[in-house]
Amino acid sequence: MCREFSSRNIIIPLLNPKISSPAENGTQSSPQMADCLVTCASIVFFVLHIGLFLRLTAAPVAGGRRSPTNGTGNPSLSTPLQRVISVILSGIVPKTKFLSSALPPKSPTMAATASEAVVHEFPLPAILTNPASTPPTLITQGAEGRLYKTTYLLPSIPCALKYRPPKPWRHPILDQRLTRHRILSEARILSKCRRDGLRVPDVYALDESAGWLMLEWVQGTPVRVNINQRLGNRTEGIEDDEELKDLMRRIGAAVGKMHSIGIIHGDLTTSNMMLNPPAGQTETDNVSGLEGEIVIIDLGLASGGVHDEDRAVDLYVLERAFGSTHPRAECVFGEVLDAYKKSFKQAGVALKKLEEVRMRGRKRSMLG
Amino acid sequence: MAAASVASPVPHLPTSASTSITPASNTSTSTSTSTSSATSDMAAATSKSSWIALGCEGSANKLGIGLIRHTTTSTTILSNLRHTFISPPGTGFLPKDTALHHRTEFVALARRAIAEAGITPADVDCICFTQGPGMGAPLTSVAIGARTLALLWDKPLVGVNHCVGHIEMGRDVTGADNPVVLYVSGGNSQVIAYAEKRYRIFGETLDIAVGNCLDRFARVLNISNDPAPGYNIEQLAKKGTKLLDLPYVVKGMDCSFSGILASAEALAAQLLQLGPEGAGFTTEDLCFSLQETIFAMLVEITERAMAHVGSSEVLIVGGVGCNERLQDMIASMAKERGGSVFAMDERFCIDNGIMIAHAGLLAYRTGFRTSLEESVCTQRFRTDDVYVEWRD
């Protein structure tokens, strides 16, 4: 999808000055597409560089030099970026729309989902009310906020917009503090993961005062759905299901990779992992329903950390969430930990600590 | 909270401690329905259409005894009495004193509960008691009382998980079908949802319970324990305006309150030393900030669990669930998610005997019994240890 355009080249410098990544996943665009890209890329580049300049002069965000606890942020920070985004949406999108009409439709599933714009009962964030923006689809109302599917720069580049609306039940000061902190911290952590080679969604843009974060659209379904589909009504033979166990191992490896680069997720559940089907395969082609790459998402509660204690608690959260969500598949959870153990050097120590975490505090059971 | 609290000092309790009886309201509504209790218990077991249970609760500082009647279609509360051990301001209730209180009051309260229900011991089908979780000594005292009644009247015993009691009573009183349950009290803070015959804990506190945090904070500022420290904090918080910076600790669907308590205690000490002028905030502000912060955390973990299980109903149970600010916050959140909140008043939110009777009777009707040898208590009894036979 969008990754084939390797839009990352253009966009990443905006948020992460340290990366000037060449396309990691071999670019396979047709010459026709390449032409379009060159045209719009030059426009985008120009605008974005102004944006980058403004942004860097305002305050570095993605560099992570500001402390995350610095709650009283700089209000001017968002303004240049906001301006850039609105310039992009109002100025460039109409042109690219014209250009994109020449593009062949990329995928039938994509086209279908794009046309299913649902009627919103919630007020849209300001960024999506721009007349030039693609009609957004509300994907889910998550725990923290809402996830919209819309497009970024080109109508053919789908993206996810994570919007954290103000929570009227929270004290406004507390609400603002939490929203700002979480959006900035998520963006920083995502770019760090990206830099260190963990597969997570790319960061496209953000405005922490308005409460949104624009991310790469990850194809596929949450792992929870795949596991539940796989389990169906079965009660037997689950512990011998090799494909399911293989999925467990991939989960373990992904979590291990994340921990090895010093990131603690903070909310590991099977809903917070996407199963990204292999390239060129639509969801229906996925015969076993369990093939694909694990993409860890929703790092809104993540933090940096290399302590075994933090890693163990992270695993414990996953273990318990897994047990509550898929009680029948608990028997294969050991595979996650086995794969985790092999994924990096310190893993063994973290697993040792996990036993301690399990045993202590109120969570242990002491019947009788 | 306690609508009518009658102070009645008990001679052999710590001198300044007072106790309060809370007569629960809707009692004796259907005492006129005289069931044919003449029929033998065992013989009519299959064709039985009405059951009565007596529930004994005493996992913390409340001693509760209640009687409930189930028919195949309805439940009727026959009596619901509570006697609370209240410790002086600045102190908490200690297991030893609380156990003494429960032992002292048990017989009188049981007699009154039976009298108020207008039945005889022969009408009772089973004796239900709290098996855990809770404080060891008070639990044991009440279990002894329950065992005595069971042997005296020759009735089967049914051990009940305290948390499951709260949940089942909440479901029955509010009519919520399959809600996400926020169980917040002095000893427990859990977010629970039902799945495959068990109440599964999705999130909970990693250290102390939210009610414990409030209680201990109240002690530092010498806030009265009558009727409950949390109630008095709530009243003070209504006058607070300034939000002080306190830690906000949510880890996934779990949260932690001990760090907040430490911060709040430090601020309270500052306040006591410098006074409101010097410290720049008042007791009311501090109560307000504490409530806003910890309730925001609770709402957040509840919302996460709702999103995770795809439910839009919330049921709040437990003593802290009486707090109207918490109820409002949860209601506002649930409304935004297109759902609704089910909350109760102090009769059912605060520990009571009727919930133990209700949950016990549900289990009894599926054939569950606790033998005398098994009728031991445990301080730690996980909500998900209970096999919920009576639900689909």
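In case you wondered, yes, glycine gets a Cβ from its N, Cα and C as well.
Whatever TrEMBL says is automated annotation, not expert-curated.
The region 'Disordered' feature in TrEMBL is assigned to B:1-38.
The compositional bias 'Low complexity' annotation in TrEMBL covers B:15-38.
Under the heading domain 'Gcp-like', TrEMBL lists B:83-357.
Residues or ranges marked as divalent metal cation binding site by TrEMBL: B:His162, B:His166, B:Tyr183, B:Asp351. Less than 8 angstroms from the CB of B:His162 (divalent metal cation binding site) sit B:Glu57, B:Ser59, B:Thr130, B:Gln131, B:Gly132, B:Pro133, B:Gly134, B:Asn188, B:Asp351, B:Ile356, B:Phe381, each of them six or more residues away in the same chain.
Spatially close to B:Gly230 (substrate binding site) yet at least six residues away along the chain are B:Gly211, B:Leu214, B:Asp215, B:Ala218, B:Gly319, B:Val320, B:Cys322, B:Asn323, judged by Cβ distances under 8 angstroms. Positions annotated as substrate binding site by TrEMBL: B:Tyr183, B:Val184, B:Ser185, B:Gly186, B:Gly187, B:Asp215, B:Gly230, B:Glu234, B:Asn323.
Sequence-distant neighbours of B:Ser185 (substrate binding site) (same chain, 6+ residues apart, CB-CB distance under 8 A): B:Ala60, B:His166, B:Ala209, B:Val210, B:Gly211, B:Gly318, B:Gly319, B:Val320, B:Gly321, B:Asp351. Other C-beta atoms found within 10 angstroms of the C-beta of B:Asp351 (divalent metal cation binding site) number 27, with every protein chain shown included. Counting only same-chain residues at least 6 apart in sequence, those with a Cβ under 8 Å from the Cβ of B:Gly187 (substrate binding site) are B:Ser59, B:Ala60, B:Pro133, B:Gly134, B:Met135, B:Ala209, B:Gly211, B:Asn212.
Every protein chain considered, the tally of other Cβ atoms within 10 Å of the Cβ of B:His166 (divalent metal cation binding site) stands at 33. Neighbours of B:Asn323 (substrate binding site), defined as other CB atoms within 10 A of its CB across all chains, total 26.
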